[in-house]
Amino acid sequence: MSAIDVMTPSKLKPMPVSQPVELSPKPSLIGLTREEMGAALKEKGVADKQVKMRVSQLWNWIYVRGVSDFDAMANVSKDMREMLKAHFTIARPEIVEEQVSNDGTRKWLLRFPPRGAGRPVEVETVYIPEEGRGTLCVSSQVGCSLTCSFCHTGTQRLVRNLTAEEILSQLLLARDRLGDFPDREAPQGTIMPAEGRKVSNMVMMGMGEPLYNFESVKTALLIASDGDGLSLSKRRITLSTSGVVPEIYRTGDEIGVMLAISLHAVRDDLRDMLVPINKKYPLKELMDACRAYPGLSNARRITFEYVMLKGVNDSLEDAKGLIQLLKGIPSKINLIPFNPWPGTNYQCSDWEQIEKFADFINAAGYASPIRTPRGRDILAACGQLKSDSERMRKTERLAFEAMMIANHGED
């Protein structure tokens, strides 16, 4: 039996989803730590002796059962449910658009309600079904400040960070839509693993730089990996960064998930152009942080992502430099055929050259899979994500970026 189960007929039927709470001032319980959830309940009058029990109940209903309506919590008293409805929400974001690629990749454009005096924002989340696993690509920011020259998201101005709730809500909504919670069914025609979890892996590789939103990402990933809730193994969660060196150290110490580096060049002069954060954290500093990442072994390697750009970084000299750069680091090198997007000046390397590059690296003892492009037809592939939320004024954006730089010790 194939590890991929294709449901028929193939015509997509949107399944009912919970309606978002529009302009709701009520805080969400999603994304709160147990301690924060307990404090929120106490503030609304829950007796001290009941708080721990109530938190356990809510945790199970939200993250194990996947409910988005307090009335579905069958073992919670009616009075308690009424209090929860009056003061809190566990609603999902609004699905603005759902697209399904010919290869089964699924992309959601999600809208989150305003924060404070802000406006609603939109982000993209992508589900990639493969044999034996299903990977969810999650966004951490609305837009991005890093302006990597080959990345479509980099052309979208940074609007704001996502909260821990908004990061986790992408995972909860995907599991809703894919029938990955009890008593849920996926739309007919959905391609997904035939056995086990529909969302087995989570990668912080969507819109934004996760390590410029460290605290929210940390909270979300620790909740996602909590053994009494969503229970994703930390070895099945990968955080991808362009190289925010100070926070790479913190990621290893405080989160402990798998690490991926958006590398793309082996010389500082070229990487300065492709990945401008390299001007602040050059390759030597980045490699030092990688070598210090806790728990590295042949079974726990850092993934280095390398987009193949024709005539830019795809020579055998580049391959030789890559081998030298990664010496002593347990590594896997993902070679990514460049995914075109409207307005780009880059081209994908010829397939023959990509294979030569991969063979050269493989001969040196490094795993060097060529990533199969997924979801290109719906702009869901690596480097293609972008939403229409570009509403932060220039002065606000520059102030926000200056704050982030100050918080990371930049000049």
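Backbone N, Cα and C define each Cβ position, glycine as well.
For the S-adenosyl-L-methionine site, Swiss-Prot lists Gly208, Glu209, Ser262, Leu263, His264, Asn339; matching the candidates Ser225, Ser231, Ser233, Ser240 against that entry yields Ser240.
Taken as a whole, the domain 'Radical SAM core' (130-379) shows an average pLDDT of 92 in this prediction. Counting every protein chain shown, 25 other Cβ atoms lie within 10 Å of the Cβ of Glu124 (active site, proton acceptor). Separation of the C-alpha atoms of Ser240 (S-adenosyl-L-methionine binding site) and Cys137 (disulfide bond): 11 Å, rounded to the nearest whole number. The Cβ of Cys148 has fewer other Cβ atoms within 10 Å than any other of the recorded positions Cys137, Cys144, Cys148, Cys151.
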